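K.L.:
Pulled these features from TrEMBL for this protein:
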type: TRANSMEM; residues: 6-22; note: transmembrane segment
type: TRANSMEM; residues: 27-44; note: transmembrane segment
type: TRANSMEM; residues: 50-70; note: transmembrane segment
type: TRANSMEM; residues: 77-95; note: transmembrane segment
type: TRANSMEM; residues: 115-134; note: transmembrane segment
type: TRANSMEM; residues: 194-215; note: transmembrane segment
type: TRANSMEM; residues: 227-246; note: transmembrane segment
type: TRANSMEM; residues: 314-337; note: transmembrane segment
type: TRANSMEM; residues: 365-386; note: transmembrane segment
type: TRANSMEM; residues: 407-428; note: transmembrane segment
type: TRANSMEM; residues: 443-460; note: transmembrane segment
């Protein structure tokens, strides 16, 4: 059951009505939220639901064991919880990758080895909710939060359906306090939540979907068949595709959660309007970036143990970020690419602090423009590795990009207009959302409720017949 489907909107309408009808009975309301989330997840596969319940139960008990320090073994319980959660990720997400890698490595040394092929289906959303429970156990272990004594509340935190499949990765302390307080007492910021849902739908169903089926899927599948110009257009198109796809999902998730009375952290903040890679990662997939910073980069020492150690920590953090996205060489290389960029970025900023670099206003203006231009193109080039099916395809595309024997080929002009339109929407996104909010706030309540589904239907009408799946669902 996907967000941009009529089935989901029918499901959510029923959930929304019952959610606010049951608010005065706290236990029944919370039980309903859990059952609604479990139903939503079970539609994908009942086996996925079983794994989700087991993960919830284990981590609920492990956090209590860590907090109560049973037998003076607090650290042991914490380590066991880490092993359990990382093992689940390892088995479901990384086993086949490491199996193939190990077999290839042994063959190079003259050994023949064949490890069992498990053929395991990756439960949708696993990487997201595993990171939620890992952060929960770490925060309890460090004494940052007290574990909840309610298995019901904890299960809702893990499985809350607007966040379940692709985030945002919300911290337990931020969610459980809202649940304990019963969420909002009435629907707040109705116009804002409607605007986020409409904008998210438009970004995914119209811009991202049309760019995907018009150019990116074809070019990234067989790059050697295309000219450098078309490949360059495809790279910039995918830069828009991944942003509109994932931020569109996040907008909808935040909007749906808001309609149920829960505030969610933002996940994107105009990430391409930056002049350095450090700021990009403060604005892109913010909840994952914050998670990596708090639970990987800082525990490694952050920037407190000298410059070389800081650069090493940055590289490790970004390679792990790439690995989180998938067990494949092209994701690891994408993480390395980002780590390399961040390391060079930090090294330059360290140099800039210790020098009288660019003190004149005109020098700063030119420097800012060039920095933004270089940063955007560095990010866009990096998406080659992220989008490609494997490293071989990535390098084939890069090779074709510099194949000047075939610079130009005919293409449909609407693709260029669609890319330009996408960039305009990105640049004006905040103003569009603000306009939608202001417009809806002026409408009578009944008219707003009438207009919202009409606008949704219009967006569906303008979308392609076959919708590409959300990119981050496979992570």
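Backbone N, Cα and C define each Cβ position, glycine as well.
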K.L.:
Any residues 6+ beyond the ends of the transmembrane segment (6-22) with a Cβ under 8 Å from its own?
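P.N.:
Distant Cβ neighbours of the transmembrane segment (6-22) are 28-29, 32-33, 36, 40, 186-187, 256, 259-261, 453, 456, 460.
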K.L.:
Can we call the transmembrane segment (443-460) and the transmembrane segment (194-215) in contact, meaning three or more C-beta pairs below 8 angstroms at a sequence separation of 6+?
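P.N.:
These two stretches do touch.
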K.L.:
With a cut-off of 8 Å between Cβ atoms, can you find at least three pairs linking the transmembrane segment (115-134) to the transmembrane segment (50-70)? Only pairs 6 or more residues apart in sequence count.
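P.N.:
The answer is yes, given that the two segments have at least 3 Cβ pairs within the 8 Å cut-off.
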K.L.:
Short question: which residues 6 or more past the ends of the transmembrane segment (407-428) have a Cβ under 8 Å from it?
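P.N.:
Here the qualifying positions are 203, 207, 210-211, 214-215, 226-230, 233, 236-237, 240, 243-244, 270, 272-273.
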K.L.:
In terms of Cβ proximity under 8 Å, which residues at least six beyond the ends of the transmembrane segment (227-246) contact it?
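P.N.:
For the transmembrane segment (227-246), the sequence-distant neighbours (Cβ-Cβ under 8 Å, at least 6 residues beyond its ends) are 166, 203-204, 207-208, 211-212, 214-216, 219-220, 267-268, 271-272, 285, 376, 379-381, 383-384, 386-387, 397, 400-404, 406-409, 411, 415-416, 418-419, 422-423, 425-426, 468, 470-472.
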K.L.:
For the transmembrane segment (365-386), I need the partner stretch with the highest count of C-beta pairs below 8 angstroms, choosing only from 77-95, 194-215, 314-337.
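P.N.:
If we count Cβ pairs closer than 8 Å to the transmembrane segment (365-386), 314-337 scores highest.
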